[in-house]
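First comes the structure, then the notes that go with it.
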Amino acid sequence: MVSSSSYDVSAALKQEGLKSSDWDEICRRLGREPNRAELGMFGVMWSEHCCYRNSRPLLSGFPTEGPRILVGPGENAGVVDLGDGHRLAFKIESHNHPSAVEPFQGAATGVGGILRDIFTMGARPIALLNALRFGPLDDSANVGLMEGVVAGIAHYGNCVGVPTVGGEVAFDPSYSGNPLVNAMALGLMETKDIVKSGAIGVGNPVVYVGSTTGRDGMGGASFASAELSADSLDDRPAVQVGDPFLEKGLIEACLEAFDSGDVVAAQDMGAAGLTCSCSEMAAKGGLGVELDLDRVPARESGMTAYEFLLSESQERMLFVVKAGREEPLMKRFRRWGLQAAVVGQVLEEPIVRVLHHGEVAAEVPATALADDTPIEKHALLSEPPVDLQEHWQWTEAQLPDLADPAAALLGLLDDPTIASKRWVHRQYDQQVLANTVVSSGAADAAVIRLRPQQGDGSLKTTTRGVAATVDCPNRWVALDPERGAMAAVAEAARNLSCVGSEPLAITDNLNFPSPETPKGFWQLAMACRGISEACKAFQTPVTGGNVSLYNETRRDDGSLQPIHPTPVIGMVGVVDDITKVTGLGWCQPGDVVVLLGVKPDADQDDRVGLAGSSYQQFTLGTITGRPPRIDFDLEKRVQGLVRQAIADGLIASAHDSSDGGLAVALAECSIASGFGVELTLSVGTMSPARLLFAEGGARVVVSVKADQLTRWQTMLTSNPDVSTTVLGTVASHGRFQLSFGVGSTIDLSVDQLQQVYADALPRRLA
């Protein structure tokens, strides 16, 4: 018989983030009232963070299959086939709410958690990336959040020995008090078989390995599924504390154990801890799990069943092991200084049964926790919200005339979202493992050499690599979620193409406000539609990801400040020859600068524009209008040509035009290289602001090698559908000279551009 407990139901439901209707459904499924431990289990497993109760119907529309997809959504991480026997596991997840109240540990444990998702599949982590959002840095609170988050990411990644090779950082008032911390990890499969999480074999022992269990991280999943308020600092106990050195040992021990063949299923203990790992293993396997809490290694005395089940102590794993092989396996982990204990067994009956002090502390059907969970039904607006329809009436004619183009360019280079992120990147070890080909700031995507271990532990020599990037134009998404989400996928694919990589698949992190408002759910639904359409167009299936809702801060007056909807796209691709990878900087004076994509003087082309642009924000202090239309066919033609030109050795550099438009993209190429340029743009009837700073248009700036111009022209002849515009040449002098119109020129020293670009963040953080 399950032990009972007396408690205040209303208070308990509020604490667990459950509704009265949830209580009724829980009682119906159990055939009785739940005790306090069981209610806690339902609270975490029925939270948005764990069961996607608001977003699951929308996610079902994503394309998830393809010739390269080995593992799609539903496992700890997606896995793609890179060819030549290489398999890549990758995933992105958020740690937003914990980072808001405890930025260092919140960000650090976000890194630890995503690494566990990777090596739980049997993959050795080879790289980390992150996507970060903060409020303006003129607020000391936002400065403190940024400093803590970056330090936490650096601490965990550097100590565990995995390079942080790329990412993006952006700033907007909507993120004040609610930063976004999305961590992505990549891993190279080292096991013959991919390790799955579904329980196998009735009677097989369930083995706990890793760190001890304490009271840290209590209720973290429920905490992550509610909005932030002035009282959120009181939720610091819901933030976990990580130990990267212990995780390093856990990585090595797990990979050894998986290679032995003794482990038949594995699940890391992340959100909802033991509750989630037990219920998911049972539900996926169609079996049950019995868990004896008296056997769980504990770091604190007197812990209740509720505390054991909801603890989110870090660096812990749960295995199902072949019967009779548990002792050799546990010895392996103890050699690495890790805890290891048999804590239960696989049951034929599909339940999660929890024992504590010789009594049944909880007994719940596994599918009720991890599979057959509630789905919230929201009505979808039949048309865009009124405020967005009003925004879409804005035209570029309402912008003031551009009086000083050079000052505008310098102002945009001083924008923290555009400016150099060296202050961030220099805190990360980007070269540990010695496989980083290009990393943050040097190219549009990170590239990592593929050097898998042989059976004897030696490294296989290869010139192949994998490229990765994270992207999201959050201003565009705020104004048009569907177009903005399409643009996120398109930009990610463009960034990979700019290093010569063929895009393969994505992982997504959907950071959104509350879905309980009509506008909030519409934003989420439209963004999902945009991602789906774009992924189908680029043939980049979704392998999994994360949904983080209720990203909004309650002001002192009780109103809510929602973030910009921010669907971050993590994309991976294969690089056939890392010796041909291109960076964004010019390489040689005399090389010809060419723009691919929509021509600079395309005045009425709705594929480029200033609505939602960095220039609009810089000029007006706000954003309005409707972002440019995404042309998938043009994107694919441009990207295919760039990849072909890189493979054939025709171009020396490639850089996509995104934040700040064409002038900023060109300036960034000079900043990265130190070389000047002599460029001329045809104006036509366009305004100078649109000519220089319009965004969109599937644009990529390349520098064609001077000695390859004939071959370049031959390639263009065979690709007549790709629009190209010769802009000028790379110069040996150190000046950025950009002429447009009659007598209009931006003429600045590259040194000045570099100084403004480099000082923007340090000056604000000083």
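Heads up, the Cβ atoms here are built off N, Cα and C, so glycines get one too.
Note that the structure is a prediction, hence the values are computed from the model and not measured.
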Subject >> Among Arg116, Arg332, Arg334, Arg529 - the residue Swiss-Prot places in the same substrate site as Ser94, His95, Asn96, His97, Gln240, Glu312, Ser313, Gln314, Ser548 >> reply: Arg116
Subject >> Recorded ATP site member, picked from Gly17, Gly135, Gly465, Gly545, that accompanies Tyr52, Lys91, Asp508 in Swiss-Prot >> reply: Gly545
Original post:
Among the recorded positions His49, Lys91, Ser94, Asn96, Gln314, Gly545, which ones place their C-alpha within 10 angstroms of the C-alpha of Asp117 (Mg(2+) 2 binding site)?
Top reply: Lys91
Subject >> Asp117 (Mg(2+) 2 binding site): tally of other CB atoms within 10 A of its CB >> reply: 27
Original post:
Using a Cβ-Cβ cut-off under 8 angstroms and a sequence gap of six or more, which residues of the chain neighbour Asp508 (ATP binding site)?
Top reply: Phe62, Ile92, Ile531, Val542, Gly545, Asn546, Pro567, Val568, Ile569, Gly570
Subject >> Length of the line joining the Cα atoms of Gln314 (substrate binding site) and Asp268 (Mg(2+) 2 binding site), in Å >> reply: 9
Subject >> Euclidean distance between Cα atoms of His95 (active site, proton acceptor) and His49 (active site), Å >> reply: 11
**OP:** Check the Cα-Cα distances from Arg116 (substrate binding site) to the recorded positions Tyr52, Lys91, His95 and tell me which is shortest.
**Re:** Lys91
Subject >> Number of other Cβ atoms within 10 Å of the Cβ of Asp268 (Mg(2+) 2 binding site) across all protein chains >> reply: 26
